[in-house]
């Protein structure tokens, strides 16, 4: 197999592995609060929102050290270990206990930081400036198939049910645990790239994350990775992109946890309210996959760079937020187990709710594919620290959003996303214009990014 063929194979395996793991984890996130609401009449007294807030809070802090951990362990084995902890978190729901639930939330926060740092490194190592857009799209589209498969099961298995039984819960979480473990094992198929570092190339990713039998050299690389993370954090480009990244963290919280909870709380949806959570996840996945395919796989035909894709993403999201505001009761995110009988500015419509799910996924893919692409382009030699900073900002904003989701009415959550999204789009444009100018100075074709 040629070098380019091996790199493409690695990208596909990376995407498929993440697809399996996040088929389990995202399905778990979509139904966690609904399942926990049914458990709170027992000895279990946990909160899905609180758990997610813990996960993303720990994840954000762990991103400060994740490049160093990946430098010591290696990216491939880092992803394997992280996948195991994802599986353990999901397995907690088979026989829930409050202490195990929150302990697993802490552990998976650490694992997630390591997983995504190693993923960014693997994506960049197997790409160049001409293929980073394509490979980002392939990875993102494969990853987002995770929203289809798990939610299809939830939709059909829970159709017509208003209460989730113990048997239903155990069946779904045993299946999700096995699926997560399958994705973890697939990481072993990723083939290592040959070291092509030129002599004197001191700051390359291979130097920071390359393998070495010397413990001293590994520790030196770990320290170098940490220092590089701190340095990159205060560069102009990274500070500007952090606003865009913050927006993706808020949106991640909304579509992966809050919006499904809102749908499940609307009593006017009748006996379909719980199964509609799964259907909503499917439509989010369709939007994500479509966006990844169009704006990633077809990026070579885009001669205008990344800005038009991001502009489309924010417009699609603003339309979705407007429709959700009109369609969903204001107290839906914080409704009790009995749900809510309130009505917003229109009688709740299942069709509008599913359309909004699709638009949320499509807009999210616009932002994430372009962020992955521009990070891989700007920081090809420092990929691990750059992606660690990306996940640090995204996850800390997701943690904050999960925390206030326990208390804020829907209208305030939507307003926060509108404001941050507006400014995040402007800051992304600024960085992209700088990248285009740098390419022009080098005499490269702007459309290749």
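Glycine too: its Cβ is placed from the backbone N, Cα and C atoms.
When the ranges 100-118, 119-137 are checked against TrEMBL, the one recorded as transmembrane segment is 100-118. Residues 10, 13-14, 16-25, 27-28, 31, 76, 79-80, 83-84, 86-87, 90-91, 93-95, 122, 150, 153-154, 157 of the same chain, all 6+ positions outside the transmembrane segment (170-190), place their C-beta atoms under 8 angstroms from a C-beta of that stretch. Each of 46-65, 100-118, 386-404 was scored by its Cβ pairs under 8 Å to the transmembrane segment (238-256), and the highest score goes to 386-404.
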